[in-house]
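Some features that TrEMBL has for this protein:
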DOMAIN    A:48-151  domain 'Cytochrome c'
BINDING   A:CYS62, A:CYS65, A:HIS66  heme c 1 binding site
DOMAIN    A:193-302  domain 'Cytochrome c'
BINDING   A:CYS208, A:CYS211, A:HIS212  heme c 2 binding site
DOMAIN    A:318-408  domain 'Cytochrome c'
BINDING   A:CYS331, A:CYS334, A:HIS335  heme c 3 binding site
Amino acid sequence: MKWLRRLVILIVLLVAVLGGRLFLGGHSDESAPGATSQVSAATLKDPALIARGKYLTTVGDCVSCHTEQGGADFAGGRILPTPFGNIPTPNITPDKATGLGDWRFEDFWRALHDGIGRHGEFLYPAFSYTSFTKVDRDDALAIFAYLQSLAPVHKPAKPLGLSFPYNVREGLAAWRALYFREGVYQPDPTKSAAWNRGAYLVQGLGHCNECHAARSAFGGTHALPLSGGRIPVQDWYAPDLSSRAHGGLQGWTEQDIVDLLKNGQAAKGAAFGPMAEVVASSTQYMHDDDLRAITIYLQSLPPRAAPAPAGPVPAATAMVNQGAKIYAASCADCHGKDGEGVAGVYPPLAGNSSVLDPSGLNAIRAVLLGGFPPTTAGNPRPYSMPPFAQKLSDADVAAVVSYIRHAWSNDAPAVHQRDVFKYRHTPIE
Amino acid sequence: MNVRIGEVQTVEVGSSHRRGAGGAVLTAVLAILLAWLSPLRAAAPGDNAAPQVPDTLQQRIAACTSCHGVHGEGSPGSGFFPRLAGKPAGYLARQLMYFHDGLRKYAPMEYMVRSLSPAYMREIAEYFAAQQVPYQRSQVPHLPATTLQRGEQLVTQGDPALKVPACERCHGKSLTGVEPDIPGLVGLPYDYISSQLGSWRTGTRAAAAPDCMSEIANRLTPTDISAVAAWLATRQLPADTHALPAGSVTPPLVCGVLAGKGGDGT
């Protein structure tokens, strides 16, 4: 089947290259780099605009992807792993040679809104322009003004870690036809201003759907928005965000959602894995109005279909019994014998979407890695969970995870020892 | 809890009946006092209350202590998780920051500290620096006497031919480290010391430039690394295992971690 997929890719690519050339040919002279910008230099130096841009840049969490571990903020170099290869993020400081120093606002707008680079090339959608296209022009200008106000950092781009056919950018024409709809967010007049603000932030700058929806084999999101999905290669499961029946946040109050985004921890759960990073560098700094707006929007997401019952797993019974013993010995002290947790300190495991996610990924990796929720102004000294990778075998981790997915009100399928083996070796990028 | 409060009230109501008006006032005062006390009492651990979580740093950092020990004593049994107790706080805080920034590469530690603030990392470092627990011995592979002699030579005298200064020159005559940035080398497992020296050669452990430990590790042969690690791990502990006061040594190399101090040649 692999050869068939390759053949299909090749044919699509050939068509796309032709289409892409035509498309870019028709667009290239419209806003050629080097032409004078309609935005004056004075506008970009407006302190109020820069301050607004700083906030919006934080809301968009640009720093997280555009900074490598230990590197200068916004100077790029972080490697984004994808199923198609590694994509290094670019330097977005205003360095002339290696950053955005020579960019005009029009160039920035075309990248953010259309996913097209300064030289007319298609950008890889690892840069989430599928969401950022919804950002309006005023906000984009503020972000650009802020980025241009940063100290320039000279840091050349790292080479693209993609091989054929994915290194042919024209091939993205096909991808774009399937998965990209350009257009600024259009408010829904039947909804409140707060709801619309929340929808704008979640769908646009917040780019929540980039993780919180399943991706197809070609890396696009066609799934129900915010219905949860596995983050490819990084191997975390970003949960469904509906707080209604069968949603991942079922039972979460407005305050719970705000607490998680602002403090990194709520009565119902704690941020860990990639979300800990999002809270640490972005959501904890959001204004209360915006957090409330996001919550109002998320709480309007529709109920979800009931999952198929996990059913009895005969072979798993012995494993679940073994898991119960491990739970009593190693987990119950903090999470409670009935998985009830301690509000705001140790997350409950009963009814917890990270325990119940369809893949079992999050529970397995949380047991292996342990860790701290992010430090925030509201929770500067968080309680932590010990890692168990060095203490429990693959079989024991599978047993205890299967137990907690099955105990109390929980009813999710058992996980396998082979999954634990695999995720034990998932690189932590 | 509430039952006991109720009992006390009943007794007082009974006594007010006997004492008349004065007793009624007393009862009212007591009732107000109890009403004032009850929320506090309800929050105390009770039969059906949630388990109380100690509000201590030790409880908060269970993620650290599960490998490094409640008092940072390390895990000599495994030979890998190093002792943290009594190491200079500046050194420990710096190591956490290095894991955060990827200068030190060890995925479980990098994951652990990635979303922690520098202030919290500093507090955790100070916790372990303040711990005082006895050292424990760990296993050392059987090595020939000549190897141990070579180890002793490198630690106490260095090797001018290799431009390797003696470990003592920086880590102190007693090898217990120097405040605030230089760690002790006593009581560490053989596996840990040899793997760290190896990591400096392969670049999975680094420090602020100029990285003198990297320079030194790269001047040593793999046999020398075994020799140093073995001699250090077998060494008897000095009576006083505390780090020496700041300024006790003049490092022979210019080191980034020491803010560029030192460098009087080897």
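FYI, residue positions are counted from 1 along the chain as it appears here.
Glycine residues also receive a Cβ, built from the backbone N, Cα and C atoms like all the rest.
No curator has checked TrEMBL annotations; they are predicted automatically.
All features noted in TrEMBL, drawn onto the structure.
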{"residue": "A:CYS62", "record": "heme c 1 binding site", "Cβ within 10 Å": "22"}
{"residue": "A:CYS65", "record": "heme c 1 binding site", "Cβ within 10 Å": "20"}
{"residue": "A:HIS66", "record": "heme c 1 binding site", "Cβ within 10 Å": "22"}
{"residue": "A:CYS208", "record": "heme c 2 binding site", "Cβ within 10 Å": "22"}
{"residue": "A:CYS211", "record": "heme c 2 binding site", "Cβ within 10 Å": "22"}
{"residue": "A:HIS212", "record": "heme c 2 binding site", "Cβ within 10 Å": "23"}
{"residue": "A:CYS331", "record": "heme c 3 binding site", "Cβ within 10 Å": "21"}
{"residue": "A:CYS334", "record": "heme c 3 binding site", "Cβ within 10 Å": "20"}
{"residue": "A:HIS335", "record": "heme c 3 binding site", "Cβ within 10 Å": "22"}
Secondary-structure category, per DSSP, in which A:HIS212 (heme c 2 binding site) falls: coil
Within the predicted model, mean pLDDT of the domain 'Cytochrome c' (A:193-302): 95
Cα separation, A:CYS334 (heme c 3 binding site) to A:CYS62 (heme c 1 binding site) (Å, whole number): 35
For the heme c 3 site built from A:CYS331, A:CYS334, A:HIS335, further residues of that chain with CB within 8 A of the site's CB center: A:TYR327, A:SER330, A:ALA332, A:ASP333, A:GLY336, A:GLY339, A:GLY341, A:TYR346, A:LEU349, A:MET385
Remaining residues near the recorded heme c 1 site, that is with C-beta within 8 Å of the centroid of the site residues A:CYS62, A:CYS65, A:HIS66: A:GLY60, A:ASP61, A:VAL63, A:SER64, A:THR67, A:PHE74, A:GLY76, A:ARG78, A:THR89, A:ILE92
Additional residues surrounding heme c 2, by Cβ distance to the A:CYS208, A:CYS211, A:HIS212 centre under 8 Å: A:HIS207, A:ASN209, A:GLU210, A:ALA213, A:LEU226, A:ALA238, A:LEU241
Inter-residue C-alpha distance, A:HIS66 (heme c 1 binding site) and A:HIS212 (heme c 2 binding site) (nearest angstrom): 20
Pairwise Cα distance for A:HIS212 (heme c 2 binding site)/A:CYS65 (heme c 1 binding site) [Å, integer]: 17
By Cα-Cα distance, the member of binding-site residues A:CYS65, A:CYS331, A:CYS334, A:HIS335 nearest A:CYS208 (heme c 2 binding site): A:CYS65
Local backbone state of A:HIS66 (heme c 1 binding site), from DSSP in three classes: coil
Inter-residue C-alpha distance, A:CYS65 (heme c 1 binding site) and A:CYS331 (heme c 3 binding site) (nearest angstrom): 34
Between A:HIS335 (heme c 3 binding site) and A:CYS211 (heme c 2 binding site), the C-alpha gap once rounded to whole angstrom: 27
Separation of alpha carbons, A:CYS211 (heme c 2 binding site) and A:CYS331 (heme c 3 binding site) (Å): 29
A:CYS211 (heme c 2 binding site) and A:CYS334 (heme c 3 binding site), Cα-Cα, nearest whole angstrom: 29
